[in-house]
Amino acid sequence: MKTILAKTPLPISAVGLSCIGLATLTQPLKIIHYLFLILGSLILCGTLLKILFNINNFKQQMQKLPIAATFPTLFMGLSFLSVYIININYLLARFIWLFAVICHAVFIIYFSYRYGKKSNLSKILPSWFIVYVGIVASGITAPQFGFDRIGKIITVFGIISFIILIILIFQRLRSYPIPKDLQCTFAIMAAPASLNFVGYYANFKPYSLIAVICQLLIVVILYLVVLSKMWYLIKLPFSPAKSGLTFPMVISATAVKKTGIFLGLQHPTLSLLFSFISFIMILFAACIVLWVLYNYIITIKKNNTKSNKHYTETK
């Protein structure tokens, strides 16, 4: 198992996060719900074990900016996963949530010190949203553990971070092209607005119709921009950066689904429309996540085969 984990790229945690997100979206479909929940749990636990088995390798990976920027997807996934453990063991669930939010907060400080103050515009990538806005995943689940005020603070922090970063990243994209092996991280542009939107739904009741419409417009625009590039991104050679295609699709579908529930209370026709749209988005997100996971499995298998072949030849 250690060998397989060693060959598994760290950014696979984003796929684990996406599977947990899909588990939430597919709750009425029990078999599919549990399938995604189990897949997500295995990937996240595997990522933790990978780190524990080889701390030195993990430290080396954190010296690489693109990998470091995607690493907090592990904490995001644990935050979402903790909610499913409440009915099994509340204290354990609470511990996992606290572990995730504290680790993410510490990582923000580390990343800001290690990369933020030294980086010029060309070093900023859409994956930076994961570091600064990604912590809203803990804000979404905070009310489940009685941390309502913390949930609000985290969501506000995420919104402010989004406003700052979206300006910087648009400037970066206009001035410097993203390297080809990292171009799939462009898809992350669809995630932060949707994550903040879901955080708003979790923490700011009663909802303002104006706030909902404004956020929905931003979510739709960014989602369509990413969708317009999706076929090009899919055709690129597979690399760990493909993980960037997964969660943005999942969280965007979540935001649209929650909006349909809210608007449907007053306008049943809108509920039907949003239900149809969110169904298509969930289906598309599931296809993307499973496709990326399949490619990860193929890549890991190839790497493991090469490793075994090399060992046999040198024995």
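Cβ coordinates are placed from backbone N, Cα and C, and glycine is handled just like the others.
Marked as transmembrane segment by TrEMBL: 31-53 (among others). Here the transmembrane segment (31-53) has long-range neighbours at 1-2, 5-6, 8, 10, 12-13, 15-23, 74, 77-78, 81, 84, 286, 293, meaning same-chain residues at least 6 beyond its ends whose C-beta is under 8 angstroms from one of its own.
A Cβ distance under 8 Å defines the sequence-distant neighbours of the transmembrane segment (65-86), meaning residues of its chain 6+ beyond its ends; these are 10-11, 13-14, 16-17, 20-21, 23-24, 37, 40-41, 43-44, 47-48, 92-94, 96-97, 99-101, 103-104, 107, 111, 114-115, 119, 123, 125, 127-128, 130-131, 134-135, 137-138, 140-141, 144-145, 182, 185, 240-241, 243-244, 247. Annotation comment: TrEMBL describes 65-86 (among others) as transmembrane segment.
The transmembrane segment annotation in TrEMBL covers 92-113 (among others).
What TrEMBL lists as transmembrane segment is 125-147 (among others). Sequence-distant contacts of the transmembrane segment (125-147) (same chain, six or more residues past either end, CB-CB distance under 8 Å): 14, 17, 65-66, 69-70, 72-73, 75-77, 79-80, 82-83, 86, 93-94, 97, 100-101, 104-105, 107-108, 111, 153-155, 157-158, 161-162, 165, 169, 172, 178, 182, 185-189, 191-192, 195-196, 198-199, 202-203, 244.
Residues or ranges marked as transmembrane segment in TrEMBL: 153-170 (among others).
Through the fold, the transmembrane segment (182-202) approaches residues 66, 70, 125-127, 129-130, 133-134, 136-137, 139-143, 151, 154-155, 158-159, 161-162, 165-166, 169, 173, 211-212, 215-216, 218-219, 222-223, 225-227, 229-230, 233, 236, 239, 241-245, 247-249, 251-252, 254-255, 258-259, 262 of its own chain, all at least 6 residues removed from its boundaries and within a Cβ separation under 8 Å. According to TrEMBL, the feature transmembrane segment maps to 182-202 (among others).
What TrEMBL lists as transmembrane segment is 208-232 (among others). Residues 186-187, 189-190, 193-194, 196-197, 200, 245, 248, 252, 255-256, 259, 262-263 of the same chain sit 6 or more residues outside the transmembrane segment (208-232) yet have a Cβ under 8 Å from a Cβ within it.
As annotated by TrEMBL, transmembrane segment applies to 244-265 (among others). Proximity of distant same-chain residues to the transmembrane segment (244-265), defined by a Cβ-Cβ separation under 8 Å and at least 6 residues beyond the stretch ends, is recorded for 14-15, 17-18, 21-22, 24-25, 70, 73, 76, 126-127, 184-191, 193-195, 197-198, 201, 207, 212, 215-216, 219, 223, 226, 230, 233-234, 271-275, 277-278, 281-282, 284-285, 288-289, 292.
Sequence annotations record features per position, and here TrEMBL assigns transmembrane segment to 271-297 (among others). Panel annotation: around the transmembrane segment (271-297), residues 8-9, 12, 15, 18-19, 22, 25-26, 36, 39, 234, 238, 242-243, 245-246, 249-250, 252-253, 256-257, 259-261, 263-265 of the same chain, lying at least six beyond its termini, place a Cβ under 8 Å from a Cβ of the stretch.
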